[in-house]
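*Asks:* Have a look at the structure that comes next, please.
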Amino acid sequence: MAAHHLILLLLALIASSSSPAAFAADPNQLQDFCVADTNSNIIVNGFVCKDPNLVTENDFLYRGLNHPGNTANQLGSNVTLVFAQQFPGLNALGVAGARLDFAAGGVNPPHTHPRASELLVVIKGTLYAGFVSSNNKLYTKVLYEGDAFIFPQGLIHFQFNNGKTDAVAWASFGSQNPGRVDIANAVFGAKPPISS
């Protein structure tokens, strides 16, 4: 009987050690907040915390999202970032956002966010938006006011104002610094250049 239990125990140990498992998450916060000290010369993964005795309610306020971004450019679009660099109160909270403004025919060209998924909500106008999965399948939708669309982390995606009027959207990210890789710039503007 003891040999039977020993065999079962060994089988359970082998099964549990051979099955791949990954447990990863951002660590729990050790304080209520960590307002970014954007003037610090210390380099860490993110920003160091401002002295809590110097934190005010203004550190948790960002103003200006009611002002349209300038879309008089080659792309006909503008992205107003609301990351920890611009909004120190976001530091270490794992979130960020952006206001996207589009002139009629404006585009936010194909790009990726290597460190976060993106949730896009159309506030005004219409947008044609989509992403390409890792098996090269294109997922697209025409979005109207109040519609939301998700772009999974690291996948190439875009937005295009296919309407005849300006469009505005809000993007939320699951990271204080989602990063951005513009596909055309990465391929054709790499330094040093990608050799052919």
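Keep in mind that glycine also has a Cβ here, set from the backbone N, Cα and C atoms.
So TrEMBL has the following annotated:
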SIGNAL    1-24  signal peptide
DISULFID  Cys34-Cys49  disulfide bond
DOMAIN    63-196  domain 'Cupin type-1'
BINDING   Asn108, His113, Glu118  oxalate binding site
BINDING   His111, His113, Glu118, His157  Mn(2+) binding site
*Asks:* Taking each of Cys34, Cys49, His157 in turn, which of these recorded positions have a Cα lying within 10 angstroms of the Cα of His113 (oxalate binding site)?
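*Replies:* So the list is His157.
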*Asks:* Could you tell me how many residues in the domain 'Cupin type-1' (63-196) are helical, how many are strand and how many are coil under DSSP?
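*Replies:* Breakdown, helix to coil: 9 helix, 56 strand, 69 coil.
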*Asks:* Beyond Asn108, His113, Glu118, what residues of that chain have CB atoms within 8 A of the centre of the oxalate site's CB atoms?
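*Replies:* These residues sit around the oxalate site: Ala98, His111, Thr112, Leu120, Phe151, His157, Ala171, Phe173, Pro178, Arg180.
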*Asks:* If you count, for each of the binding-site residues His111, His113, His157, the other Cβ atoms lying within 10 Å of its Cβ, which residue has the minimum?
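*Replies:* Least crowded of the binding-site residues His111, His113, His157, by Cβ count within 10 Å, is His111.
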*Asks:* Return the residues near Cys34 (disulfide bond), defined as same-chain residues 6+ apart in sequence whose C-beta is under 8 angstroms from its C-beta, sorted by sequence, else 'none'.
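*Replies:* Set apart from Cys34 (disulfide bond) by at least 6 residues yet with Cβ under 8 Å, we have Phe47, Cys49, Lys50, Asn91, Ala92.
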*Asks:* Please report the distance from the Cα of His111 (Mn(2+) binding site) to the Cα of Glu118 (oxalate binding site), rounded to the nearest angstrom.
*Replies:* 12
*Asks:* How far is it from Asn108 (oxalate binding site) to His157 (Mn(2+) binding site), counting Cα to Cα, in Å?
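*Replies:* Computed Cα spacing between Asn108 (oxalate binding site) and His157 (Mn(2+) binding site) is 9 Å.
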*Asks:* From the centroid of the CB atoms of His111, His113, Glu118, His157, the recorded Mn(2+) site, which same-chain residues not already listed sit within 8 A by their CB, in sequence order?
*Replies:* Thr112, Phe131, Phe151, Leu155, Ile156, Pro178, Arg180
